[in-house]
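Notes follow the structure.
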Ligand code: 6R9
């Protein structure tokens, strides 16, 4: 053991005994199985976990690498696997969804109800001309309808593309154009924190921008009751057409590789990428991770607090829990309304047993609990909890320990799940009945996932030495391509640096010298992680320079206690640098502009003005310097190559 060996937290024996993976020997046995017969390992799971209309005979097809195919000649339907088979197996009356609205109202949906709601929605989509292979953009709040809409697309073989309800008209327009979607499903508005916020008006604005001509129908859910414009011939109230639909809808059987969904995510360059996922391989990993990582059992009440606009809300709300026949909580609101005890109260009220949230939420709730004893978790009965999860960004050890002690009562393992939009499901994570945990480490690869840390040439690094995180073999739930841009898929994820052999995650990692545990050290590209949301610095820069007053902009991240990273923008205006008195108004204007161009999540926390940006004599922006300035660090490095060292003072902030 090295001197800095960390304290290990062990899974409680009672949990380990009955867990799907009951201990490290069981984990190692699975890893071994996958190593000795990689295809056999995945094929077995695929046969055991999924219901196939037509069984597959091929497992992995690598003939057109890196465009890998899994279970290609098999046929299935994802919605059938999530809903019909539960009903067929006697779970019709089991509660699938406990929906809690922003105002606290609770609605329960059984699997039988869900089947009829999804079938009606599927029929409604067909009635307005949506067919297998079409794309459908879903711009909805957290709602039963959101999940039903996703499932309905899957049922008829349409490919959904969910756009987070916090995104702007511009972002929505870009995603509609890129996917050339046939229909848009939205709502009049959404409730968040006691306020009714608009959605349909934003959708109208997006559709009016041009580039959205592919959209033939807009289906509108009534949620807030706010009055909205309805364009005749194009816009339809969903409630009206749902009422006319038959309650059954034969699932459309599709090939395993049929695209289940696109989800746009930020990269280091250009516009967001449409990550394309498959049907069979994706659902397999959604289910397997529900079983191994969350140890989901028939009596569990699962709650993932993500939004369906992100991948976590796809895999661990819309698909994984349903495919396992679980009962899950779905929450419309925000963790701080009516007060910061909301999550704990909901855990108590719904007897949640598996709780999955993001470090940024935990950190802000720690602050709130410290400030106000009335919302401290010790005021609530959370004895129903048995497993906790974390996702979206690294969890700092202090937040991990607070989560462990105050929420989990020092008895619930925390699964710190590392994964990405592109990976479809968990990649590196503790298993709750097996893996001894270390706060801040996502520990070991999920059985069957061959993760490694390499140098720039692809050479595996010794433990204790940091490097680049890669995955050495294709896995069933991986991204299939970037929608409409296969070349970008190749260069982003299978770069020539590794001879196209390894999947490049885009994160740095280091393995512990004693345990081999992985710790993610952060993105190695120009992607920021703000409150667990991925943002490309380029995207924010493009938004800023699109403003009429801005000549140039550079965006960097700086560590932030609550949001993980915060956005700092360095801006050069076309006119003179604003005086101290004028700056606040310009900052406000630019912030509002970014919110409008991308969405409020992309607003810079700090905007600073200079007459120029620090550049080398060849004109390159020195981002490393900007990162130091953003953090408020003294510039110690040699700035003699700078063309204009004086402007550093202006940008100090
Ligand atoms: C699921 C999701 C992916 C990026 C990823 C990494 C960061 C996610 C993490 C984590 C450390 C964890 N990330 N989980 N970093 N520990 N447990 O978040 O997908 O939105 O695509 O973000 O998030 O940097 O590359 P996505």
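The first residue you see is number 1, and the count goes up from there.
Any Cβ shown, glycine's included, is placed from N, Cα and C.
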Recorded ATP site member, picked from 370, 378, 507, that accompanies 392, 393, 394, 416, 417, 418, 419, 420, 421, 523, 534 in TrEMBL: 507
Those binding-site residues in 193, 195, 547 whose CB falls under 6 A of ligand 1, listed in sequence order: none
DSSP state at residue 421 (ATP binding site), helix/strand/coil: helix
Pairwise Cα distance for residue 523 (ATP binding site)/residue 531 (CoA binding site) [Å, integer]: 14
Max CA-CA distance, Å, over listed ATP-binding residues 392, 393, 394, 416, 417, 418, 419, 420, 421, 507, 523, 534: 18
DSSP-assigned states of the domain 'Acetyl-coenzyme A synthetase N-terminal' (27-82) in counts, ordered helix, strand, coil: 27 helix, 7 strand, 22 coil
Those recorded positions of 312, 531, 620 having Cα within 10 angstroms of residue 421 (ATP binding site): 312
